[in-house]
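The structure under discussion appears below in the form of structure tokens.
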């Protein structure tokens, strides 16, 4: 059963990631149809899943469904628990060399693999549709848009669906993971924000002050209720990346939703906010990787 998103108060408007993602996917399907009509190859996405972790299986299923919806061919590699790093490295080499594959997705975490970064770095950066390869993150740091990390790019798309400006705003990011927090800071810097990043070494009083000052607040830690909604600046845009399952089965974010919704101008629900945008952006990256492969582009300037 699909969890339902909370309803916002009369103060905040919901940034409905499900609806916006569906609109993005509809547009991507048109792009794939146009490619095929022009005699170009169907975009191909290799999806690698190791083990049977229930959460990872759900995420992979959602990605495969999105690929089918837009007309991307998904090549499924469901590998058993205990698959070694050497076996995965060999598979990545095969996928790098396969012209039918335009994007490679390695579902994280990888059970039994202590350092997944070595495998991520083995992926051809031109096929790194998650946007995790150091070369792609480096291009983002240099403001050379190529294959960008999916969640931050999806959040930028969400921000574009509000009536609030982004340029010139104070943005606070809570959480500095390699896949969300750090590249999110780069995205917001490029967009013209003054960015504050908070992390486990940020003193509590500084964290609170930074949140209270934020016109745009992005929280990506994975701790339910970490940010009290009362801290949210009136009129802010709140992007809650966290998704946490409580003992009673409810899914909640990192921000106290009810109180935050009384103060914010816009807020993402959990679930139904950032997650669908991450999946849709993965499809966007895959199509752009296919376009770049057709044109001989090294991967720069495609997004």
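Cβ coordinates are placed from backbone N, Cα and C, and glycine is handled just like the others.
Copied over from Swiss-Prot:
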type	residues	note
BINDING	175, 176, 177, 243	NADP(+) binding site
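For residue 175 (NADP(+) binding site), the count of additional Cβ atoms within 10 Å of its Cβ stands at 22 [all protein chains shown].
Here NADP(+) is bound by 175, 176, 177, 243 per the record. The longest Cα to Cα distance in that group is 16 Å. Around residue 176 (NADP(+) binding site), taking its Cβ as the centre, 18 other Cβ atoms fall within 10 Å, counting all chains.
Using a 10 Å Cβ-Cβ cutoff, residue 243 (NADP(+) binding site) registers 19 neighbours.
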